Amino acid sequence: MKECGYSEINTRGTSPMESPHIKKKATIQRKWEVFPGRNKFYCNGRVMMARQTGVFYLTLILILVTSGLFFAFDCPYLAMKITPAIPVIGGILVLFVMGTLLRTSFSDPGVLPRATPDEAADLERQIDVANGSTSGGYRPPPRTKEVVINGQTVKLKYCFTCKIFRPPRASHCSLCDNCVERFDHHCPWVGNCVGKRNYRFFYMFILSLSFLTVFIFAFVITHVILRSQQSGFLNALKDSPASVLEAVVCFFSVWSIVGLSGFHTYLIGSNQTTNEDIKGSWSSKRGKENYNPYSYGNIFKNCSAALCGPVNPSLIDRRGFVQADMAQAVSPSNGLTMYGSTQSESNMGQVQETPVLLEND
């Protein structure tokens, strides 16, 4: 029995000079704790946001305060004079707006994993072979590579930070320092990038927020008009001073929110991103040379592709483990950061992962 007990003890890598007290200090870190991008993580890596989140909190305050004033000062009168359905519909809209906002803000927008040093070196070797280079000197990789999508030639740009050729429609966010798949834009109002994995939730957020803003503004005006008919306009404002604040906030917000919803409805209908539209990358006419190769040629199919179907799995294993004792072995003065290799589409089935070194740009 004693021999069986001793055989279960792991003596891997021990030396006579090591003490049991030092071994206990070796802790296991998760990859989000040493993630190379500029992101904040909460709830043990389950929540992922951009580092600058001040405007996001302003968004929360505006929505919650305006909605709270509406329910406290307007809804009781409207429910009594018109219908009790008004606060019910308003509550459903607020819950939907908050749910889609948090889903957009707290999720991985589609960050692409950075190449490991071995992968980056192998890519450079492939580039050298393709270019017929046999010299041993330094040769920077080309910035573009061409692929054909639906008969249209698309250039893939090389990212010197992530050490990868970015897939079609991907772009590097300078604020978050990540390459994002189907990058649309970085939105400070939601505190995150908007990309392939959270675009549909962003669109549903701005669309539902448009309905909520119009809904509150319309019924605040209705409330003031009904009170004015009973006791006069000035007395109506004195009886419900919060209605003035709500009306002002909604009036100045509704134009930009509704306009943004209309713009993204156009983008979805033509299967474009904000990034592509600003750059003028594609034309909507099939006869032109720069016709959009991602468009299905039908508004309904484009909308279905953007808003329906399952959400793609995250390509970064941010809650995976790295070995903390190996991370501590790296000197902080050498300009290198320890980071566990992330799973790509080709190796997502692998369970074991080895920590590697990436250069900080």
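Positions of Cβ are set from backbone N, Cα and C atoms, glycine also.
These features come from TrEMBL:
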COMPBIAS  341-353  compositional bias 'Polar residues'
DOMAIN    155-279  domain 'Palmitoyltransferase DHHC'
REGION    341-361  region 'Disordered'
TRANSMEM  55-73  transmembrane segment
TRANSMEM  85-102  transmembrane segment
TRANSMEM  201-225  transmembrane segment
TRANSMEM  245-269  transmembrane segment
Residues outside the transmembrane segment (55-73) whose C-beta sits under 8 Å from one of its C-beta atoms, at least 6 past its ends, are 49, 87, 90-91, 94, 97-98, 101, 105, 188-192, 209, 212, 216, 219-220, 240, 242-243, 245-246, 249-250, 253
For the domain 'Palmitoyltransferase DHHC' (155-279), the averaged pLDDT of the predicted model is 93
